[in-house]
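J.: Below is a structure I'd like to ask you about.
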């Protein structure tokens, strides 16, 4: 009987179980079952059931000089959504992500009217910061929630928070209500972004995800230009409150499509028994330490050197709070290990930390050009706020279109590493050319250089998420996705303030050199759009040269960051979303 079963098992395993060579030794018990004659006869008569048990845990860990390498068996066939349903769900996701991204920039042209209506100039910084702080601080929270709760309902809850916050902002009777609404919207927006990328992993197979991720990533580039334009249009021709009202019908459409078409999936990890174990699994202690650490850091970056001097007690206290809480958070994460919000094993994975370094550098470069290209157009070319947005369109279109094309190419070819190598090379060249701007630079230069930089950025901007989705197991993808999006936000916040410091320092130096008779401090504080109004006409060329010098020094920071992104690509192993692997590139 044993020989008969062995022959039948080998014949059926060759025919239908090519993945058995990947199974761990522990999984053989599920093949042979209890050691009694009756069970062996039953299994011999039904060999097709053998492969049903190993689904997610068929992983071996090989220890070597390169670190832990996971060899996974090909998963069971998963029923992905049909094409028409994928398209409908993606349209819904894109609408919500676009609204969430627009909320980062749509108030840029509406804030003057808001402060005029509420008489709240002292609060205008919080209209943006409340949204940013809530969005950044909740990113890892959603990453943890998505491990234990169904992504469909986490997404709907986040959407309701975002829409509720938008409604509060739209009907706000005073500045405090507007700030509270912005914080609620940011809390929901964070969940929308993280959940959207996770939904992509559910509705399409891994080889098609780069295209979908590229589409979602391109929306951030689009919102960077159209946010201020849309905000200005609402403010001029209707009311600034429509900056928030517009989210309500769009959110309704998104919610309808997700509820109707997206099948509720099961959580990637099951709850343990016992209240204490459940609290430890959620990493409540780590989250309560991480959120104040992040908020303290962002407040230091926002207030240091502007609202308060760097040696002020407020700034020193915030730095101390950040230092203590971030160290405590690191200790808790090490203690929690696989239950941590950021598992140490994930950080030790060279594909993950390489992707995070790549994301950090590239996002820092992008935020610099998003902010300081319009400043160059307004100060040097005397463009209006609206026209500067129009002049920035070559960059935005290049990033958006190349992100989509890059995603399609990775989907078609399978390999993502070549595009990630191309990004720092092309983007740093484009950024370096942008730093050669002169006061006399004409259309061919500022259009062509923007396009070159945008192509470089677009080639790899969405690929770190592809690396995460191709590298991590099902129950850690949500945390990895949250970590990438958090890194993007932190890089933007940090290098925005670095760029501001470089700009102010170089502007004062250049003004002393070009126009020593002028009050450099007064001109620097006046702003880029009014320089022609506060100096004599014969001094305008000198002031413009000073502004051009200061802005192009900031561009050099962006170029350096784009080049530094190469350091993040080097440790990432050559892999394919189609399951292929180039061994020569693995070292």
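Each position is counted from 1, following the chain as shown.
Heads up, the Cβ atoms here are built off N, Cα and C, so glycines get one too.
Pulled from Swiss-Prot, these are the listed features:
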CARBOHYD  382  N-linked glycosylation site
TRANSMEM  87-107  transmembrane segment
TRANSMEM  124-146  transmembrane segment
TRANSMEM  153-173  transmembrane segment
TRANSMEM  214-234  transmembrane segment
TRANSMEM  242-262  transmembrane segment
TRANSMEM  284-304  transmembrane segment
TRANSMEM  315-335  transmembrane segment
TRANSMEM  393-413  transmembrane segment
TRANSMEM  414-434  transmembrane segment
TRANSMEM  447-467  transmembrane segment
TRANSMEM  483-503  transmembrane segment
TRANSMEM  554-574  transmembrane segment
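Just tell me what is around each of these and how deep it sits.
T.: Classification of residue 382 (N-linked glycosylation site) by DSSP places it in coil, neither helical nor stranded.
Sequence-distant contacts of the transmembrane segment (124-146) (same chain, six or more residues past either end, CB-CB distance under 8 Å): 103-104, 107, 111, 114-115, 154, 158, 178-180, 182-187, 189-191, 193-195, 198, 268, 282-283, 287, 290-291, 294-295, 298-299, 302, 307, 341-342, 478-483, 485-486, 489-490, 493.
Long-range neighbours of the transmembrane segment (153-173) within the same chain, counting only residues 6 or more positions beyond its ends whose Cβ lies under 8 Å from a Cβ of the stretch, are 96, 99-100, 103, 142, 145-146, 180-192, 195-196, 199, 241-245, 247-248, 251-252, 254-255, 258-259, 264.
Through the fold, the transmembrane segment (284-304) approaches residues 125, 129, 132-133, 136-138, 140-141, 144, 310, 314-315, 318-319, 321-322, 325-326, 328-329, 332-333, 336, 340-341, 490, 493-494, 496-497 of its own chain, all at least 6 residues removed from its boundaries and within a Cβ separation under 8 Å.
Under 8 Å from some Cβ of the transmembrane segment (447-467) lie the Cβ atoms of residues 197, 209-210, 213-214, 216-218, 221, 351-352, 354-356, 358-359, 362, 365-366, 369, 373, 392, 394-403, 405-407, 410, 416, 419-420, 422-431, 433-434, 437, 481, 484, 562, 565, 572, 575, 577, all in the same chain and six or more residues away from its ends.
Remote same-chain partners of the transmembrane segment (483-503), defined as residues 6 or more beyond its termini with a Cβ less than 8 Å from a stretch Cβ, comprise 132, 135-136, 139-140, 143, 190, 193-194, 197, 294, 297-298, 301-302, 304-305, 342, 346, 352, 355-356, 359-361, 363-368, 371-372, 464-465, 468, 550-551, 553-554, 557-558, 561.
Note on the transmembrane segment (554-574): residues 350-351, 353-362, 364-365, 368-369, 372, 415, 417, 420-421, 423-425, 427-428, 430-432, 434-435, 437, 453, 456-457, 460, 467, 495, 498-499, 502-503, 506, 581-582, 584-586 of its chain, located 6 or more positions outside it, place their CB under 8 angstroms from a CB of the stretch.
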J.: Would you mind listing the long-range same-chain contacts of the transmembrane segment (393-413), meaning Cβ under 8 Å and 6+ residues beyond its ends?
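T.: Sequence-remote neighbours of the transmembrane segment (393-413) are 207-215, 217-219, 221-222, 224-225, 366, 369, 373, 419, 447, 450-455, 457-463, 466, 577.
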J.: Under 8 Å, at least three CB pairs between the transmembrane segment (87-107) and the transmembrane segment (315-335) (pairs 6 or more apart)?
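T.: Counting Cβ pairs under 8 Å, fewer than 3, so no.
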J.: Given a separation of at least six residues and a C-beta threshold under 8 Å, show me what packs close to residue 382 (N-linked glycosylation site) in the same chain.
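T.: Within the chain, residue 382 (N-linked glycosylation site) has Cβ neighbours under 8 Å at 532.
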J.: Could you give the residue numbers and ranges of same-chain residues that sit at least 6 residues beyond the transmembrane segment (242-262) on either side and whose C-beta is under 8 angstroms from one of its C-beta atoms?
T.: 81, 85, 88-89, 91-93, 95-96, 98-99, 103, 106-107, 110, 152, 155-156, 159-160, 162-163, 166-167, 169-170, 181, 185, 199, 203, 230-231, 234-235
